[in-house]
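The feature transmembrane segment is assigned by TrEMBL to A:33-52, A:77-98, A:110-131, A:151-169, A:218-242, A:262-284. The domain 'ABC transmembrane type-1' feature in TrEMBL is assigned to A:75-281.
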Amino acid sequence: MTSDVSERTALPSAPADEHLLTARLVAPRRPGLWISAAILLVLAAMLIHTLVTNRRFQWPTVRGYFFERSILHGLELTIWLTAAVLVTGYVIGTAVAAARLSKNPVLKSLGFGFVWLIRSVPMLVQLLFWYELASLYPKLSLGIPFGPEFASFKTAHLFGGILAAYVALSLDVAAFSAEIVRGGILSVPAGQVEAAQALGLGRGRIFRRIVLPQAMPAIVPASGNLLIGMLKATSIVSVIAVQDLLYSAQLIYNENFQIIPLLLVATLWYVVLTTVLSIGQYFVERHYARGTNRRGDGFARLFRRNLPLFNRAGLAAGGRS
Amino acid sequence: MSAGTPQAGDAGAIRPLVRVRGLKKSFGSHRVLDGVDLDVAEGSVTVLLGPSGSGKSTLLRCVNHLERPDAGFVEVAGEIVGYRYRDGRLHELPGREITRQRTQVGMVFQQFNLFPHLTVLENLIEAPVAVRGVPKPDAVAKAGELLARVGLDGRQSAYPRELSGGQQQRVAIARALAMEPRLLLFDEPTSALDPELVGEVLGVIRDLAVGGMSMIIVTHEIGFAREVADQAVFLDGGRIVESGAPADVLDRPGNERARAFLSAVL
């Protein structure tokens, strides 16, 4: 009887246990992975090929203008305008976030209204509004509200292109950063603040030492996005003739008609700046990953995880440990 | 200790460390505390028992002004918590004053609430250095002593997530002790722990009771309550329905609700 049962249930060529125990493990074939990788590599090769061989990119001209004095001046303006806009925007934005999180209904609604208004108006429109402020308010004056004035200015003199750009872009950053900061603060569990209060820590100390460091992991990636976005968005000021990186390039190609090479000069500089900022963001994120298990994700490990080429080394290291 | 010791001659006994009188608190239309009176003698242990929603935690949180009562008052060490009485009114104290009062009262939470971005040592020295102005080397030495007391010396540089729940709660107790409080509040300190980790935390609290620390403990550990408490208080529907010696409250409850609850948890 028993032999009958085993004959019926076992497959005709069932391997013995000792064979199974010594068998090598083979991963499933993934032809789709290889095919898609091959297609992407071919596309990448085509892109590089055309960049190198298409004469009309005029790389020698690009090289010639890359360190042109006026381009470097434009680059300088782009960098400091971005920095000034970011700093101002974040100071205002943090205050707006605090207003939105406060218990005061007036502050709360004002904060909400500010974010709503600024986010509703396209940045280009805001920029033009500030640039054309003189036609709305020909004269600006300092003084007591509804009372006497101490000093007044002609708006058209005060609001040149750069100040208009600075104000418009700062307000834009303020509205978006307010939401980023508010989200970060809300991501910290209420128990953290209660524990700090129970220990007798003051409000400022609780914010600086307990809430903000824990909010940063949520704030930094979104802020990196905003920062890089704003770096490139400053190119919008070329429409009001502020000589930033892009406008400097445009001024040159308006004279010599080398449009593509000069756009490439501007593009490459934006790529350089974005690369520097991305690397900076990586280190800031790593700094604020204290006490979490995300810290070990170094560059090397990210590469090993994502590139099959490095995977082998990773496995070997894993096997040794 | 002085708890329960009658004072000869003098008109009254020693003023209790904590006096709660007529405490009321509602969240929206829900009345959580409905007129609570409670005394806690210096050096004594009081356990608060009762079904969930009976107001135990809210009562505890009123003692260090994490909740603002609607009526009634809490007094700790002779001071009204969170308010100053003047001309027939209770004026809420400015933040700095409330902060100062809180340094006298330590609190241990159900979810530990250690600061995850700070090491164990940094968790322990943050408040003493920042609030009480203790020099850092002294605070570090004190932290070492406290960690030894809760059985965790040597874990100063660990981050909270590297510790088990029981270890985290013991660090949280050490953190509260680092401020040298006159009173410790425990809000269900073992409810978030795996069963096998409950004992190590209760052991630490038991040692504190033996050492004469004044404590108010919200707990569902009836056996533990019977062992360490000088006074057991049973709340139901925002009122104290039963209070007295643990043996009376826990073993011979007069109140029907208390009897049903205790027979369910025992």
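Glycine residues also receive a Cβ, built from the backbone N, Cα and C atoms like all the rest.
TrEMBL does not curate its annotations; it predicts them automatically.
Bear in mind that the values here come from a model prediction, so they are computed numbers and not experimental data.
Tertiary proximity for the transmembrane segment (A:218-242) is limited to same-chain residues at least six positions away from its ends with a CB under 8 Å from its CB atoms, namely 77-78, 81-82, 85-86, 89-90, 123-124, 127-128, 131, 161-162, 164-165, 169, 172-173, 176-177, 180-181, 183-184, 187, 250, 266, 270, 273-274, 277-278, 281, 284-285, 288. Between the transmembrane segment (A:110-131) and the stretches A:33-52, A:77-98, A:151-169, A:262-284, it is A:151-169 that has the most C-beta pairs under 8 angstroms. Count of Cβ pairs under 8 Å against the transmembrane segment (A:77-98): among A:33-52, A:151-169, A:262-284, the largest is for A:151-169. Within its own chain, the transmembrane segment (A:151-169) is flanked in space by residues 81, 84-85, 88-89, 123, 126-127, 129-131, 133-134, 137-143, 230, 233-234, 236-237, 240-242, which lie at least six positions past its ends and keep a Cβ under 8 Å from the stretch. Beyond the transmembrane segment (A:33-52), no same-chain residue lying 6 or more positions past its ends has a Cβ under 8 Å from any Cβ of the stretch. Sequence-distant contacts of the transmembrane segment (A:262-284), counting only residues of its own chain at least 6 positions beyond either end whose CB sits under 8 Å from a CB of the stretch, comprise 57, 62, 65-66, 68, 71, 75, 78-79, 220-221, 224, 227-228, 231-232, 235, 245-246, 248-250, 252-253, 299.
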